[in-house]
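Pulled from Swiss-Prot:
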ACT_SITE  Cys171  active site, acyl-thioester intermediate
BINDING   Arg68, Gly69, Gly70, Lys71, Tyr72, Thr73, Tyr74, His75, Ala140, Phe141, Gly142, Gly153, Val154, Ser155  substrate binding site
DOMAIN    29-208  domain 'BPL/LPL catalytic'
SITE      Lys137  site 'Lowers pKa of active site Cys'
Amino acid sequence: MEWKIESLPVPYDKAMCFMQQRVEGIANKTQDELVWLLEHFPLYTAGTSARSEELLTDSLFPVYSTGRGGKYTYHGPGQRIAYVMMDLKARDKCNVRLYVETLGEWIVKTLKHFSIRSYFNPNLIGVWVNHNGSEKKIAAFGIRIRKWITYHGVSINVFTDLSHYSGIIPCGIKEYGITSLKTLGVNILYEEFDVVLKKEFNKVFCNC
């Protein structure tokens, strides 16, 4: 498994092209699987089940339609994105549901390292915390699979400007809010967070 970590924001369309090419390379056995850590410039993305009324304004940031599952979400500075390109066929114990659950376990264990208690919700896909008596999402999931190769992945709010979510109904869920590590009192940089992400990834996927 190769790891690629970007130091500067990656344009969204460039990232999509890169992932599609990498998926083909993995399927053809000419390239290795990849975990790609990055952030994007501010933007909204619409998944395959997004509804037009969930986009409250299109004047804040660019809006991209994407082939991943899910609804509207935000990407931008302060949000660590992990795009995971993995061959599920090469893992006898892995199927799509187990893959998504294992992604959830990965993020939960990463957050636990920073003393954040969280949980993966299979019904409201993502990782959630109970903050001041209310449930808030801290990590969103958007997955696509082609030729049994996964791509897209997980976005975790590290020090994200949460006001940027105001132009959408995040993931189509009105009842609950969004939070970040910074909002929860954990002030860290990507460098520290990435070390833990990689360590916990290797643990949870080692038997998969």
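Even glycines carry a Cβ here, placed using N, Cα and C.
Features per Swiss-Prot, on structure.
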{"residue": "Arg68", "record": "substrate binding site", "contacts (Cβ under 8 Å, 6+ apart)": "Thr45, Gly47, Thr48, Gly142, Ile143, Arg144, His152"}
{"residue": "Gly70", "record": "substrate binding site", "contacts (Cβ under 8 Å, 6+ apart)": "Gly47, Thr48, Ser49, Ala50, Ile125, Ala140, Phe141, Gly142, Cys171"}
{"residue": "Tyr74", "record": "substrate binding site", "contacts (Cβ under 8 Å, 6+ apart)": "Pro42, Leu43, Tyr44, Phe61, Thr160, His164, Tyr165, Gly167, Ile168, Pro170"}
{"residue": "Val154", "record": "substrate binding site", "contacts (Cβ under 8 Å, 6+ apart)": "Ile81, Ala82, Val84, Leu103, Trp106, Ile107, Ala139, Ala140, Phe141"}
*Quick one: largest C-alpha distance among Arg68, Gly69, Gly70, Lys71, Tyr72, Thr73, Tyr74, His75, Ala140, Phe141, Gly142, Gly153, Val154, Ser155, binding substrate per the record, in angstrom?*
15
*Counting every protein chain present, what is the number of Cβ atoms, excluding its own, within 10 Å of the Cβ of Gly142 (substrate binding site)?*
25
*Do me a favour and check the Cα-Cα span between Tyr72 (substrate binding site) and Lys137 (site 'Lowers pKa of active site Cys'); whole Å is fine.*
14
*What does DSSP say about Cys171 (active site, acyl-thioester intermediate): helix, strand or coil?*
helix
*asked:* Test of understanding: give the count of other CB atoms lying within 10 angstroms of the CB of Tyr72 (substrate binding site).
replied: 23
*Can you see whether DSSP assigns Val154 (substrate binding site) to helix, strand or coil?*
strand
